[in-house]
Amino acid sequence: MAKTKQQKSKPKKQPHQVKKKQGKDCDLSQFRAQLDALGLKIIQVTSDGNCFFRAIADQLEGNEDEHNKYRNMVVQYIVKNREMFEPFIEDDVPFEDYCKTMDDDGTWAGNMELQAASLVTRSNICIHRNMSPRWYIRNFEDTRTRMIHLSYHDGEHYNSVRSKEDACGGPARPIVIEADAKVSAASKQAKATESKSKNKADKCNVDAGAIKVVMSGSCCDNAEKAEQVLVQVNGDVDAAIEFLIAEKGMESLTEDDLEIASVADTTNPMEASDSSVESTEQSKEELNENESASCTNIETVNAKCRSQTDDKKIPRNKTCPCGSKKKYKSCCGTAAGRSSVKLLVSQTTESKKGRKNLRRGTSNEVEANVPDVGALCI
């Protein structure tokens, strides 16, 4: 529509000029005083949408310009652990789109990135707030775990927090706050209480009928044990029965092994060696007896012959005193007869030596077969 000459144009609206609020400076000074009482100071980083990652880089390396490295680390950790983080994405944003946007420079980090940063850097995080309790992201209970200290301003900016004695020439020096220990102890106690209450609730949730079914199916007489197994398998009756049957089978197998071992132990190698030694001793005694008997007979004959020869000469036509019922001239009176007596004595001596050697060889064989259980004196 064309304007008439009498109609005047409206003045253009001037753009809104954002004036800097003095309150923020007052809050920062108050915040500084709050941290000063703890021996801490605020290290300001550039406010460009990368402040969280800049503060992390200052804490871990002493250089906020390394912020892009830590952004990439956090985003990659979220991508690899999708099932952990995807349920917490708001506004129905697709997971891939969220990760792509978060990987862009200048995108603000949220609570999910705080958790991922703690896990990927294996550090706990303490967030200081103005006139408010500190926030702790504690994923690691080890007291040697590094604690990253950040300050959070007006819900839109992060800074790094260091000790007042820290020269800021590298990674932040460790900070010890007495309240940290108290919070850690309270957290552990709360987790222990929660775990106990959960175990009690699990026991209460076990059905008495399920316990009976498990006992009958596994032939278990201990109701308390059946209940414990049901709690461990989350109330799965079939799994509990299989577990108890398998456990019982292992116990019976162990008992059979023990019986076999006990039967094997009854055969003592020492007893076997003792019996062999006893048999050797008996054979040795028998050999000695035979030798002594033969030697006695030979010596008797020789003595008889010598005595008769020395006392007087035997008539050649009379019966030979050796007992052969022959005449002396055709028996011992001849040169062949006298040599046969000598031959008999020499053969007897050689046979005696042979028996001794045989006895020694037998004892050596016994020694070789007996296990080495020390010195065995035969």
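Cβ coordinates are placed from backbone N, Cα and C, and glycine is handled just like the others.
Feature annotations, reproduced from TrEMBL:
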COMPBIAS  1-22  compositional bias 'Basic residues'
COMPBIAS  266-280  compositional bias 'Polar residues'
DOMAIN    40-164  domain 'OTU'
REGION    1-25  region 'Disordered'
REGION    266-293  region 'Disordered'
List the helix, strand and coil residue totals of the domain 'OTU' (40-164) as derived from DSSP.
53 helix, 30 strand, 42 coil
Within the domain 'OTU' (40-164), what mean pLDDT does the predicted structure show?
96
